[in-house]
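Taken straight from TrEMBL:
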DOMAIN    B:6-138  domain 'DUF1468'
TRANSMEM  B:39-57  transmembrane segment
TRANSMEM  B:69-86  transmembrane segment
TRANSMEM  B:92-108  transmembrane segment
TRANSMEM  B:115-133  transmembrane segment
Amino acid sequence: MEAVLNGLATGFGVALDPLNLFLVLAGCFGGTLIGALPGLGPINGVAILLPIAYGLGFGPESALILLAGIYYGAEYGGRISSILLNVPGDAGAVMTTLDGNPMARAGAAGRALSLSAVASFVGGTFAVILLSLFAPPLASFAVTFSPADYVALMVFAFASLASLVGKSAVKTLLGATIGLMLATVGIDANTGVARYTFGIPDILAGIDFLIVVVGLFGMAELLTLVEHQVSGKLKSLPVDKSFVRLVDLARCKWTIARASVIGFFIGILPGTGASVASAVAYGTEKRISDSEKTFGTGDVRGLAAPEAANNAAAGGAMVPMLTLGIPGSGTTAILLGALLMFNIQPGPMMFTQRPEVAWGLIASMYIGNIALLVINLPLVGLFARMLTIPQHYLTPLIAILAFIGIYTIVGNPFDLLLITGLGVFGWFLRKLDFSLAPVILGFVLGGLFEDNLRRALSISGGDWAILIENYKSITLYILALLVVMIPIWLARRARRIHGGVPAEED
Amino acid sequence: MADRIFAGVLLIVTLAYAAIAFTTISAPFQYDPLGPESWPQILSLVAIACLLVIVWKPDAIELGVAGRTWLRLGATVIMLCAYAELYEPLGFVLATILFGGALSAMLGAGGVRPVIFGVAAGGLGYLLCVTLLDLNLPEGDIFETLLAAVPRTEGAS
């Protein structure tokens with residue numbers, strides 16, 4: 001407990017520094033704007049802005065605080081387009097449309113927006129409190145992990161990824177493997193042998209993380225926007241003067257509490273972020289409290305549950321990233337890559353070696369949450385304006401921002417072609433129902449995975465049995481097996497109960 | 001069908017990746033049991049297994065992209081490539097004016113609006129990034145050669 005309080009004191013010392021405080025606010029504000037743009041979710045927003053944030057030349061803690069603010073703000077902003085336009089910004093916001101949009105259509109747009117802001121605030125704050133309590137003990141436990149345990153941890157991470165993310169487990173696994181394979185390009189650090197560089201000097205140091213992120217997310221998103229392009233403006237529902245009432249909050253308080261817990265713990269699982277959390281929270285809430293069958297027609301609880309859950313998941317996803325160096329979602333994978341660019345290895349040692357970064361980030365999340373609530377309640381009308389930006393201006397802007405970002409960092413026009421190529425590849429992956437988060441997770445974790453495997457086998461002198469010698473690794477393998485088996489078993493059971501009717505996708 | 005074609009193409013790439021992993025990569029000397037080739041070998045086997053499953057049992061997905069959409073996508077990619085190629089020769093401002101104008105015009109902005117948008121994006125973007133944020137953007141080779149040419153002609157005369 002004392003460690004937590006000391007850490008928080010350090011953290012607030014960093015986060016309340018005028019520059020950092022400004023960056024939290026700017027990040028939250030900018031993130032909300034980006035999140036509110038139709039079709040542009042948190043992961044794409046962070047991906048497009050990451051190179052620019054890096055290019056500004058701040059210290060690592062300031063840059064990370066800015067990026068986390070954008071991430072948080074975009075999670076907030078996503079609900080605006082979901083509620084007013086019925087167009088979710090990303091997979092995590094799909095559940096918000098189910099009850100949020102009917103409320104807005106019934107003339108309660110202001111109420112829906114303010115209620116979801118409160119739910120997001122509670123979910124986010126709950127998660128950040130648990131994060132500051134859980135992270136230090138977990139980090140000090142994780143220090144005892146041997147390389148073999150780390151291998152087991154990676155296997156668990158990829159198992160939960162394959163089982164919980166995306167429509168097809170094989171495709172998710174393949175996506176992660178593609179990411180891992182991309183990470184093998186470059187000089188092998190242990191022996192100095194060049195792998196898959198084909199004599200091109202530009203990639204001797206490996207494919208640049210920024211190029212992969214901006215290409216796969218930013219540019220692929222742009223192509224998707226062009227593909228679905230609708231001419232002219234989307235029809236946005238007006239924001240009225242209605243506001244969240246105490247009755248609504250009283251009705252939702254247990255919903256929000258349950259959804260926050262669900263969101264946080266699902267967020268912790270490696271690789272599963274807001275989309276799974278909000279879907280599970282909505283499903284659970286529907287099962288528990290939908291006695292009058294009002295869910296889906298504008299029930300306040302159906303709106304509060306996914307909103308609380310996806311913000312709690314955003315905080316939960318930070319736990320494995322900060323303590324183990326394994327990102328809990330696609331977006332945290334990008335943040336982790338950002339840390340690596342600053343030569344900070346996220347993981348158990350970060351709390352002792354770079355406390356100002358770890359705790360500064362946590363403290364900034366407290367501030368960011370409050371700031372978002374304050375920004376969001378009065379300014380929602382302004383953000384709603386963003387919805388009416390015509391797509392034919394938005395789309396070129398994304399490309400211009402992405403090009404600025406990549407060019408300022410790398411300064412090599414060849415990379416601009418590379419991100420375009422990766423964008424085309426990413427667009428095909430998306431069209432074929434691959435989710436892109438596993439690719440980036442594999443890419444970020446590739447080096448760590450390989451190093452630990454090789455280190456473990458060096459310790460044992462080539463004996464593969466070392467991988468299952470320790471109770472920690474065995475536990476992790478069992479968990480990995482469970483996380484794969486349980487959804488299959490649940491689906492079987494659901495099918496048996498429904499008498500052969502295929503289980504509903506959620 | 002699209003699934004199968006995509007998996008087939010990836011399979012060829014992965015087989016090439018595997019071939020390199022199994023034949024070419026090797027360290028001249030090493031002390032560790034696992035060399036630089038082992039990890040790519042493991043990965044290629046996993047990837048090939050996944051790809052074979054997809055080729056064997058593809059999801060029934062059609063891309064569902066209409067002919068005109070393909071045209072639009074192709075044009076976007078060409079514009080992006082042109083933008084990338086012109087970035088340094090023309091400089092950020094001019095390249096952005098051309099690209100922003102062309103893409104917004106293709107996506108349905110009417111009248112003179114694409115021109116206004118392009119000029120605004122190029123001009124304001126440059127001012128914002130270079131003066132305010134202190135980022136590094138190309139000024140354009142043609143301007144540099146023009147500027148370099150002016151004093152030389154003066155000196156000659």
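Any Cβ shown, glycine's included, is placed from N, Cα and C.
Those TrEMBL annotations? Automatic predictions, nothing curated.
Note that the structure is predicted; figures quoted are calculated from it, not measured.
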In the same chain, who gets a Cβ under 8 Å from the transmembrane segment (B:115-133) while lying at least 6 residues past its ends?
92-102, 104, 109
For the domain 'DUF1468' (B:6-138), the DSSP residue counts stand at 97 helix, 0 strand, 36 coil
PLDDT averaged over every residue in the domain 'DUF1468' (B:6-138):
86
